[in-house]
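Annotated features in TrEMBL:
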- Glu71, Asp143, Ile145, Asp146, Asp289: Mg(2+) binding site (BINDING)
Amino acid sequence: MSLAYTTEKQFAISAVQRACLVTSSVFNKLVKNETLVKGDKSPVTVGDYSAQAVISSMLHRAFPKDPIVGEEDAADLRAENGALLRNRIVELANEALSAELGIGDIPEWGIGPGSKQTADELLDAIDRGNYEGGRSGRMWTIDPIDGTKGFLRGEQYAVCLALIVDAQVQVGVLGCPNLPLDLSKPDGDKGCLFIAVKGQGAQQMKLNGADPIPLTMPPYSPSTFTFLESVEAAHSSHSTTSRISAILGLTQPPIRMDSQVKYGCLARGDGGAYLRMPTGVGYKEKIWDHATGSLLVTESGGIITDSRGHPLDFGLGRTLGENYGVIATAKDAHDRLLSAVQEVVKQEQAEAVSK
């Protein structure tokens, strides 16, 4: 009996690998040589568009009926003043699409030598990411560069791809070009792929697909327990995390890094919990920021909920709706962590009222 989603898993690995080729190329060709400004010619924009073009183009060949929830659309690229940006994206995307075939690659996915596409074909591919999501059927969600500031610093970012079926994440692949294979050896080999399929476990391998190892989240240990959280305080409240640490009596400082790389690190035991507490009222998490990571957590033996203890809901559209905050940790740590989070949230709400 064959395992479910075998083709989708292999496809996702291939697509993320090629998208990582794009992002690495953008960093080496543009980030190192250009003034970094956030604008329509910024290297981040080029990288986002190019990586989404590669994955969406491959998806259209491999699973033409599957809709895509992506972060970008090509409206600005089609404008007359978008020619320079458009030409760069076409060049970079085609460079990745036409790279030599590797293990597991299938030419029918529109990859390999001679697989270059026209500008219109690539812009159409980007625009396929406009699906609004929903509770039934298959859909893929793409985050082409998760962790913008980490990418620009040459630090941690991720290329994220997930297959969601009837609101359940079934396949997730995370490409982390700058992540050391062993976090305790920061100068060692870098470049990791994290892969999870629902009911089949999670694994890490090198970015080229070599040396796969199964992932199992270690049990709770107060002496070594530490939080994985965002570098930017604007993304997740550092002060809230500090209060939660105090309640739990934790002594280890948090590990701060950008993007869903944190989920991969958690799954392989680099930290005790991934905590993301909102910093503003009304903010809604995007599904592409958590789909792959959530599956990595559950398939490596952990639990992921919001701060109320509710499961993350990927069937509401392009966001997680009313899910508030994200808590991911080992099964034996979740109840005590959730209790501490809720205690701190009550404290902060009371303080806000008294001001």
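Cβ atoms are placed via backbone N, Cα and C, with glycine included.
Heads up, TrEMBL stuff is auto-annotated, nobody curated it.
Feature annotations (TrEMBL) mapped to structure.
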| residue | record | CB count, 10 Å |
| --- | --- | --- |
| Glu71 | Mg(2+) binding site | 20 |
| Asp143 | Mg(2+) binding site | 30 |
| Ile145 | Mg(2+) binding site | 30 |
| Asp146 | Mg(2+) binding site | 28 |
| Asp289 | Mg(2+) binding site | 23 |
